[in-house]
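Novice: If you scroll down you'll find the structure; I have some questions about it.
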Amino acid sequence: MDSSRSRPYGYRWRTSKLLILSTACIALLTETLLYGFLVPILPYMLEDRLHMDPANTQSLTATLLSMHGLIPLVSAPVIANIVDRIGSRQRSLLVSLVVCLIGTFLVALSRAFWALCLGRGLQAIAGSGAWIVCLAILAENAGKNDVGKMMGVAMSFVMSGTVGGPIIAGALLEWLGYWPTWAVPLGILLFDSIVRAVIIEPSFDRDEDHLSPSSLQKPDNSEDSPLLPETNTPHLQCRGFYKTMLCDMRVWGSLVNTGVYSAIVAGFNTTLPVHLRTIFGWGPLEVGSIFFLLQLPLIFLSPLSGWLRDRVGLRLPTALGWALLVPLLLGLGIPGSHLVDALSLMGEKAIFISSTAGIGIALPLIQGAGALNSLGVLREIEIETPGIFGAQGGRSRAFAMNSVTFNTGLMLGPLISGTLSSVIGYFYMSVAQGKESAISIALPLSTDHVYSY
């Protein structure tokens, strides 16, 4: 009774799992929304507010947008190491949200290019931190049997932010003006920061009961037992997180899965607009509709994919997703290739649209599989050697590894796809992507242990 009286006000709802998971999902939505939110506003900011030469708008826009992928390559491992050492997810996420709020306000307020770059840099650092911490929060609070489903729900929020960011920003800028447009992300960040400050972080063993040294079976103390029990834990603790993880081939399978997925998806952004204009004469509206068709299934099917992973594991759904991508990617390359002379223009459009819709349906089976598999490998290592990665475990660093690989794919994907499309044509570029997908099928099928968590 005394312990209940000593609890802070609203302890029950402030430690609510639903509240904790909801704020993490909203934080992910906000971070992804901010990436695309700037796209329709940047030309106005650069030319009208910063008075830059319109001829440089394209290159400056590319520079500012690429910062969001480049900076996390360096910041993500550092942030993850700090987060795992601190242990408090609440404080880490709150700091990330506040830094993002400052960076967003600086971007909106900028009258000089250096200030715009500084604000964008703060957004990128805070975004990588929030991404890593939010995934760790979701993994810890979802429950062992619902991690896939919770990650699927989170990916729905992520895709909602990705799809909605440019649409919301463009509409608000056109209808209401500059500052009312920025009021939306600033308001969401402020609200999420306040709610995060109110939340009381639940106290639980991050490595679970079966990972704690006290939960392990004590050695038999028979007459023949040595006076000092043998242990290899100190040796393993000295190896370091990344060396231990990267010595496991399952982790490499996870990273390849993540990198190939992000490279293929990012390649669409570079090649589709030009290709569709060339073969069909489509403009921004039609191209935007194709991207919407590609991304819409991810919003609605990601939770279903997560539920399936929780029931049957990662192995079969991931292999199925890659297998479906092979013919669908080839289907994207057929229109305009003149390989099938009997196809009419309407037939080519039908093939392209149906292939795009099919890719959108297949992608949820692949998205996030690498991160979940890394989490499964991490759990297995921590069960075998409790405390090997410290008292708080290594979840944040496991997600950081996949974050770095994902951002590497985002940077290399457009470069590779754009080069192949220009040099050998869009069809053979699609063939190359299909081969990547076919090879990726072998990752989850190559061993019984890969992609099971």
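Glycine residues also receive a Cβ, built from the backbone N, Cα and C atoms like all the rest.
TrEMBL labels come from automatic prediction, so no person has curated them.
For 20-453, the entry in TrEMBL reads domain 'Major facilitator superfamily (MFS) profile'. According to TrEMBL, the region 'Disordered' annotation covers 206-232. Look at TrEMBL and you will find 60-80, 92-114, 120-139, 151-173, 179-199, 249-268, 288-308, 320-339, 351-372, 404-428 tagged as transmembrane segment.
Let's see these features in context: how buried, what's close, how far.
Specialist: Counting residues 6+ beyond its ends, the transmembrane segment (92-114) has Cβ neighbours under 8 Å at 23-24, 27, 30-31, 34, 38, 45, 49-50, 52, 60, 82-83, 86, 120-123, 125-127, 129-130, 133-134, 137, 179, 182, 185-186, 189-190, 192-193, 196-197 in the same chain.
Panel annotation: around the transmembrane segment (249-268), residues 291, 294, 318, 325, 329, 363, 366-367, 369-371, 373-374, 377, 401-402, 405-414, 416-418, 429, 433, 436-437, 440, 443-444, 446-447, 449-451 of the same chain, lying at least six beyond its termini, place a Cβ under 8 Å from a Cβ of the stretch.
Within the same chain, residues 264, 275, 278-280, 348-349, 351-352, 354-356, 358-359, 361-366, 369, 425-431, 433-434, 437-438, 440-441, 443-444 sit at least 6 positions outside the transmembrane segment (320-339) and bring their C-beta atoms closer than 8 Å to a C-beta of that stretch.
Below 8 angstroms of C-beta separation, residues 66, 69-70, 72-73, 76-77, 255, 258-271, 274-275, 332-334, 336-337, 339, 370 of the same chain, each at least six residues beyond the ends of the transmembrane segment (404-428), sit close to that stretch.
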